Structures are given as C-alpha cells and as structure tokens.
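Among the features that TrEMBL reports, GTP binding site is placed at 203-210, 285-289, 349-352. Feature annotation from TrEMBL assigns compositional bias 'Acidic residues' to 64-76. Per TrEMBL, the feature compositional bias 'Pro residues' maps to 77-103. The domain 'Signal recognition particle SRP54 helical bundle' annotation in TrEMBL covers 105-182. Taken from TrEMBL, the feature domain 'AAA+ ATPase' covers 195-378. Residues or ranges marked as domain 'SRP54-type proteins GTP-binding' in TrEMBL: 196-397.
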Amino acid sequence: MSFFKKLKNKLTKSSSKIDEGLDAIVSEGAEEVPAIEDAAPVEAQPERAPEAVEEAAPVPTPEPEPEPTQEPEAAPEPEPSVEPTPKPISKPAATPTPEPAPAPEKLGLVGRLFGRSAPANEPRRELDDEMLESLEELLISADMGVDTALRVTANMAEGRFGKKLSSREIKELLASEITRIMEPVAKPLPIYPKKPQVVLVVGVNGSGKTTTIGKLASQFRAAGKNVVIAAGDTFRAAAVEQLQVWGERANVPVLTAPEGSDPASLAFDAMTKAEEDGADLLMIDTAGRLQNRADLMEELAKIVRVIRKKDPSAPHNTLLVLDATTGQNALNQVDTFQKLADVSGLVMTKLDGTAKGGVLVALADRFGLPIHAIGVGEQIDDLDAFDPEEFAKALTGTDA
Ligand SMILES: Nc1nc2c(ncn2[C@@H]2O[C@H](COP(=O)(O)OP(=O)(O)OP(=O)(O)O)[C@@H](O)[C@H]2O)c(=O)[nH]1
C-alpha cells in the first residue's frame, strides 16, 4: 500500500470531517446545473515551486550525508533553516475582475489540475459570503485555527466570488491552498557531516518522543548508520524501559542512568560513548514535565551546556515532538518549547485516528518550522517524511 493510501486511511477522521463538511456546505445551497456552464470559470492555483517538490521528497531516513553542511567548530547557533516569522500566504496574482467568458471546454478545476473531466450535473453552489463563512467555520472546527482558516478561505475565494463551485472543486482548491502553505516546511531531518550528530528530542510527556526516537533509530539503522540513544528522561522508569525495548528492536545501544539521576551527566556519558563508538547519530530523549517550566528549562539548558563541552556545535537538531490529538494546544507547545530550547524542527505524531489534522496547517502557517516527519501509528514503519501534497489530499478527502 502506498504511503498516500495509508495516510489517507489513517487520516480518516480529519479527512472525513472536511470531506463531509464540504459536501454538506455545497448541497445546502446547491443547484443542479450542467458542468459545461459553470465548471470552466474556476481558476487553478499557481504551480508549485519546483525546489519545494525536491525538498519534500526524501524520507527522514538518512541518505548518504547530503546538503546542509555545518561547521564543526561553528558557534552553536540554531539552524538558519528555521524561519521564525511565518510567511503570509502569498496571494495568487489577484484578478478581481470577473474572468473572461469560459473557453469552450468541459474540464473543471479537477480536470485542469489532474487532466480528468468533471462529471456533468455535479451539484454546485454559488460562492457568496454565507458560503465563505461556512467554509471558515468548517476549517476552524478542523483545528486549522482562526487566522489560518480566514487566510485560506480568502485565498480560495479570490477571483471566484459569485462563481458556482462543486464540492469536488472546492476540495481541490482547498488541497491546493494547503499544499502551498505546507510546502516550505516539508523538510527531512537534515544530516550533517558530523560524528556524532546530536539530536535532542523534546516535547511534553506522552507526545510520542520515545516512539519517535525508536522509529527514527530503526530507520537510520536500516540505512546503515550507527546510532546511540540516551534515555534522558531519568524521572520516569517506564520511559527508560520503553526506550530499551525500542533499542532492542532497532539493535541500537540505549544508555540509561538510575532513576532520578542527572540527565545532563547521562548526556555527557552518551556523548563519550557515541564518540568512542564512532556513532553517526546520538539521539537524546528528554523529560517533558511542563508543570515546572523553570526546572525543565534548566534541565534542557544543562544538557546542552554539557554536550557542548564535547562538541560546541551540538545539538545539531532539536526536534520538538507534538501530538496531533491535542489540536490547537500544539500551537502553545511550540510557543513554550521555543522559549525552552532552540527548536529546529517538528515531528507530528498520532495523525492517525484524530480529527485534528488541520493543526499542522496552522503550525506551518504560524511558525514556519520545518516538519521533518509525521507519525501515523505505533508500529516501527509508521513514521514517514512529510509530503505536503499527499497530506493535503488526504486531509481534504481529495482523490489521489
Ligand atoms: N496512534 C499513534 N500512537 C502513537 C504514535 N506515536 C506514539 N504513539 C503512542 O503514544 C503513546 C505515548 O508515546 P511515547 O513515545 O511514550 O511518548 P513520550 O513523549 O515518550 O512520553 P513519555 O515517555 O511519557 O515522556 C504510546 O502509547 C505510543 O505508542 C502515533 O504516531 N500514532
């Protein structure tokens, strides 16, 4: 089964929420009209930027030491790839004037995008204020966030006000808007020519850090990389045990320390071991107790201070793991963890079985942080690269 099919199946809840919601909105005010009259005036969105397509393609599994090089002795600055200021959604070339008379073709938006012809007699509804409002509400209810939902619908409506659209065309438009927002953030975990490359993994308890580390370690291992894991959440014995299980599965050594001991000292020992072993990657799990932010901040800062004694450029990646089922709360978590650590990228877990997948769009729109991977299940292969187009299609229930 292709990852798209799998993603689509797994995203059923998010997908059907938007899918069925859009069908309902259109059928509410629909009139049956022959497709030939109304299908043509809908304009497709601009083409995707070719560079983004290339960037989005690779999986988070490590390919032989590619692009972004990092100076070994460089000051431990966060990666420049992190763009703190969310880019406003670039508007398509504004064409406020009504479009010219439709060309004598039977292809609607779907047809133009995918070379398929639009079925005749699709129910259509005129795009007016009322319909826009319903669209906004639907996107907000799918956890896209108010600002993002308003921007997305405004872009969808641009140049199309008063046009009659079928729900399929609206889904295509929405998918294309979502793709446009997500493309700049779809970036695999960057691999540096640094041994060991230190990946610090942060996030609240239960967000899926341990599972993500296990999945990543196993993928890197399968790609022939030497990996060491440090079970830095020394406050939870269960978390350490869980990591050990993942380590066994992935055939990766897991360094542990007695419960309640200093995670920074474990991180230092892990750096030493990883260096001795000539490991390619050191993945450090951390605690996620947000109840006491000051403590957590100090703990993370200490881990960073200590590993920098060994390598001033470490950590090379600080991954924030977010649980999609928390919906809008994920936005607060990014806010908080950006203050606690130099977050360089995101992994979104538990996209399976949640109706809150839209939060990824809000995250991309608001923070512009790279999304390295998404988790769609508890199994070892349920972590994959983030593909914006597939995600957008799966989320909107658009056919592949
Ligand atoms: N359905 C689903 N479950 C997931 C996914 N990722 C993790 N989980 C589950 O979420 C639960 C919490 O995951 P952990 O990896 O233990 O989370 P954590 O952040 O390490 O949590 P602590 O160990 O409490 O710090 C576990 O039951 C995982 O199996 C995912 O992508 N989909």
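A Cβ is built for glycine as well, from the same backbone N, Cα and C atoms used for every other residue.
Feature annotations (TrEMBL) mapped to structure.
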{"residue": "G203", "record": "GTP binding site", "Cβ contacts under 8 Å, 6 or more apart": "K209, G288, L320, V321, L322, D323, Q333, F337"}
{"residue": "G206", "record": "GTP binding site", "Cβ contacts under 8 Å, 6 or more apart": "G288, D323"}
{"residue": "T286", "record": "GTP binding site", "Cβ contacts under 8 Å, 6 or more apart": "L200, V201, V202, K209, G232, D233, P263, E299, L300, I303"}
{"residue": "R289", "record": "GTP binding site", "Cβ contacts under 8 Å, 6 or more apart": "N205, F235, D295, L296"}
Worksheet, complete the sentence: K209 (GTP binding site) has its Cβ surrounded, within 10 angstroms, by a count of other Cβ atoms equal to 29
Worksheet item: Helix, strand or coil at T286 (GTP binding site), per DSSP?
Response: coil
Fill in: Cβ under 6 Å from ligand 1: qualifying binding-site residues of G206, K209, T286
G206, K209
